[in-house]
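A quick write-up on the structure given underneath.
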């Protein structure tokens, strides 16, 4: 396996290798830079002892999940020093030697620790400008023994930890860090270093996300859309790359136990509101999504009734 980071560092590359060039449509270039309406949720208000404050915050959270599938979370209580250290430790994993990183190269989708590149080399028609480390961290905590510090700094309550490394690219307009896709869980919590690259799709256009200082980025996933029977939509998003430096993003995807049967909540299904999705175990849904090419909401469509 040849990682993108190794490709960038081992050559005097002037242009992108042909196997990384992605076919793009006019829709891919439709950007909307009006970001002032992106929802911001104040965690202090969500947990406020004031009933009116808490009620308003819950209403705002519901609106954000229904209308956007995305919001920025502020006043969450996680020290900035810890967030910064997590990014540094994540970066240091990719700075290990190839031999050290390959100790954690998994072969199966649900391996507890899996280092790799692109998305799924078995099905990717074009490779993505991205290396990654994935760890299943709940209910059983797994993390690489290298580098020192990574194991102690991962939140034990998370489901899946994903650290993404997007090295600089000489022709960023030709490649994708990750193409348009949705996440499989309920919610994904994301933080990143100083370099942006996340874009979300809203009303048919792509919005580049510039997070507020000290905030977490939260997006809804497929399980949320299934559970709410379509009321809350999983957000389509993508990662673009740049020429300036390496972007590190750290996502924690929250979902149910792998053996949980995922389906619309009975309270949200009735004669006037039939189930939109068939029930499936969370394990099988992850395998379905991760075994095929990333393509917007293709996986959700496969279980639509």
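Glycine residues also receive a Cβ, built from the backbone N, Cα and C atoms like all the rest.
TrEMBL lists 156-256 with the feature domain 'Fe2OG dioxygenase'.
Summarised by DSSP class, the composition of the domain 'Fe2OG dioxygenase' (156-256) is 9 helix, 42 strand, 50 coil.
Mean pLDDT for the domain 'Fe2OG dioxygenase' (156-256) in this predicted model: 90.
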